[in-house]
Every structure is written in structure tokens, then in C-alpha cells.
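Student: Pulled the feature table from Swiss-Prot, pasting it below:
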type: BINDING; residues: GLY46, ILE47, SER48, GLY49, GLY50, GLN51, ASP52, SER53, THR160, LYS189, THR211; note: ATP binding site
type: BINDING; residues: ASP52, GLU165; note: Mg(2+) binding site
type: BINDING; residues: ARG140, LYS173, ASP180, HIS260, LYS261; note: deamido-NAD(+) binding site
Amino acid sequence: MTLQQQIIEELRVQPTINAQEEIRKSIDFLKEYAKHYSFVKGFVLGISGGQDSTLTGKLAQLAVDELNKEVGEMKYSFWAIRLPYGVQADEQDCQDAIDYIKPTGSYTVNIKDAVDASVKALANAGVELNDFVKGNEKARERMKVQYSIAAMNGGVVLGTDHAAEAITGFYTKFGDGGADLMPIFRLNKRQGKQLLAELNCPEHLYTKVPTADLEENRPSLPDEVALGVSYDQIDDYLEGKEIPEEPRQLLEGYYLRSQHKRHMPITIFDVFWK
């Protein structure tokens, strides 16, 4: 088995999909989990205004709508969480995503004061964070807030990790990578677009240039620039196609270096890293 085949198998990517079937799989997954655990009253997700959170949020709300219809009461909810750091450049996209998803409820928590306080406390202790690490601080603060809201509402936290993100490790460990359920795991980037198109999402929410927007020295830095490889190349690789040698080596290097992100904390019994 080649490394490419191993990665595809691990991330459960299919070369082609039926969008309606994948939508149904994700909705049923969320419903089954909620029904299995009596303490679950709904789902929580941070909404950034990008493709991945818009898709995951819409799937969650559809699952909640079906659950409530089945039980004949408003037992379940989906809470969409806005988590800007100060003023967000693409705030209108965030509002458009909320309008499209139509969540049961929403909260807005500006994380700037909390992040800045943490950065200041570390500086006072003699630890000066660089811009990249401060970006990770933002991602972890956002996830911390989501878990607090989930705890107070009987919710579980959803993540937006998908195959094109998982292969590169392009997320913050214990930040956006730290969630309870990952409804779109198995899909690559273009397949996520297919689902949103099927769900009649406003096109600009899934055709915009993807960016994590965590770094202040490089605001709105496109993912593809940060990674040095295009999502089309990543998706082609995940679908089993041949891609040029340079991006292939880059992707496989990312995958091998980020294995720790796809595992629980490592114990003496783990050997994958050796």
C-alpha cells in the first residue's frame, strides 16, 4: 500500500460522492448521537463565515429540525457562536452565514479581551508570544468559549475538520481541532462545496478564498499561500489522482509531521510515531 492509499483509507475519502447521500449521512450521524445520549440537548458551533462552518452549521440545524419534529416539541437546539477578535474583516459573510443557517439561537463573544489578557499575563511571566503562537491562542480561546456555552446548554461541540484539513494538520491542536463531533470528516474541500450547492447556500460563502485569519502580521492570509499547495491539488491527491511531485511531497510531509494531531495524547503504548 502506498502512503497515498494509506492516507485516503485513514481519512475515508471517496473519489466521487452523491451530495444528497452525504448530507443524509451527516444529519443521521448527528441525530443518532443526540438520541443515544439523553443529556444532549443540542449542538454548538463557532461560525466564521467560511465554507466549513457554514456547511457544518446548516447540517446541524437540519438535524435539530428533524429531531424536534420527531419528538413533537422543541427539545433540541443548535447554537451558532460568533467569536470575533475585535472587528472581523468579513463580518458580513458571518451574518450571511447565520441568515442562511437560521440557527435556533446564537451568541456573540468577542475574544479580544480574553486573548490579550492571556498574552499580557504570559509576557509578565517572561514569555513573549510571537504572532503565529498568538494566532493559536485565539483558536483555543474560541474553543474554550464554545465548550462553556455547550456546558451551560446541554450541548456538544461540533468541529469542522475535513479531509483536506486533516491531511495537512492545518488546524490548531486543542483549538479548532478540539471538538466532540466532526460531521464533515471524510469530505474534501470540493465535496464540501457540492453539499453546500445542493443545500442552496449563497454561492459567495463557499467560493470565497479560504483563510484562517489568525495572524495579525499577515491578515487574511489565504490557506493555499500558507500551505504552499492548492486545494485542487489536495483534493486530487485525496481522490487518488496523480499530482506533481513537489506538492505530493509537501502533502505527505505535512501528513507525517501532523500525525500527533490526529491521535489522543501519546502514551508509552503508542508506536505510530516511531
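If you go along the chain as it appears here, the first residue is 1 and each next one adds 1.
Just so it is clear, glycine is given a Cβ too, placed from its N, Cα and C backbone atoms.
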Student: Please report the distance from the Cα of GLY46 (ATP binding site) to the Cα of ASP180 (deamido-NAD(+) binding site), rounded to the nearest angstrom.
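Tutor: ASP180 (deamido-NAD(+) binding site) has its Cα 13 Å from the Cα of GLY46 (ATP binding site).
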Student: Let me know the DSSP-derived helix, strand or coil state of GLY46 (ATP binding site), please.
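Tutor: DSSP call for GLY46 (ATP binding site): strand.
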Student: For ASP52 (ATP binding site) and GLU165 (Mg(2+) binding site), determine the Cα separation and express it in whole Å.
Tutor: 10
Student: Count the other Cβ atoms sitting within 10 Å of the Cβ of GLU165 (Mg(2+) binding site), across every protein chain shown.
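Tutor: So the number of other Cβ atoms within 10 Å of GLU165 (Mg(2+) binding site) is 25.
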Student: Which state, by DSSP, holds LYS173 (deamido-NAD(+) binding site): helix, strand or coil?
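Tutor: Assignment for LYS173 (deamido-NAD(+) binding site) reads coil.
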Student: In which DSSP state, out of helix, strand and coil, do we find ASP180 (deamido-NAD(+) binding site)?
Tutor: coil
Student: Would you work out the biggest C-alpha to C-alpha distance among GLY46, ILE47, SER48, GLY49, GLY50, GLN51, ASP52, SER53, THR160, LYS189, THR211, the residues that bind ATP according to the record, and give it in angstrom as a whole number?
Tutor: 19
Student: Cβ neighbours within 10 Å, counted over all protein chains: which one of the binding-site residues GLY46, GLY50 has the most?
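Tutor: It comes out as GLY46.
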Student: Under DSSP, is THR211 (ATP binding site) part of a helix or a strand, or is it coil?
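Tutor: SS state of THR211 (ATP binding site) = strand.
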Student: A 10 Å Cβ contact count, applied to the binding-site residues SER48, THR160, THR211: which residue has the minimum?
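Tutor: The binding-site residues SER48, THR160, THR211 were compared, and THR211 has the fewest Cβ atoms within 10 Å.
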Student: What count of other C-beta atoms do you get within 10 angstroms of the C-beta of LYS173 (deamido-NAD(+) binding site), across all chains shown?
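Tutor: Summing over all protein chains shown, LYS173 (deamido-NAD(+) binding site) has 15 other Cβ atoms within 10 Å.
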Student: Using all protein chains shown, find which of the binding-site residues ASP52, ASP180 scores highest when you count other CB atoms within 10 A of its CB.
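Tutor: That would be ASP52, with the highest Cβ count within 10 Å.
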Student: Can you give me the Cα-Cα distance between SER48 (ATP binding site) and ARG140 (deamido-NAD(+) binding site) in Å, rounded to a whole number?
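Tutor: If we compare the Cα positions of SER48 (ATP binding site) and ARG140 (deamido-NAD(+) binding site), the gap is 14 Å.
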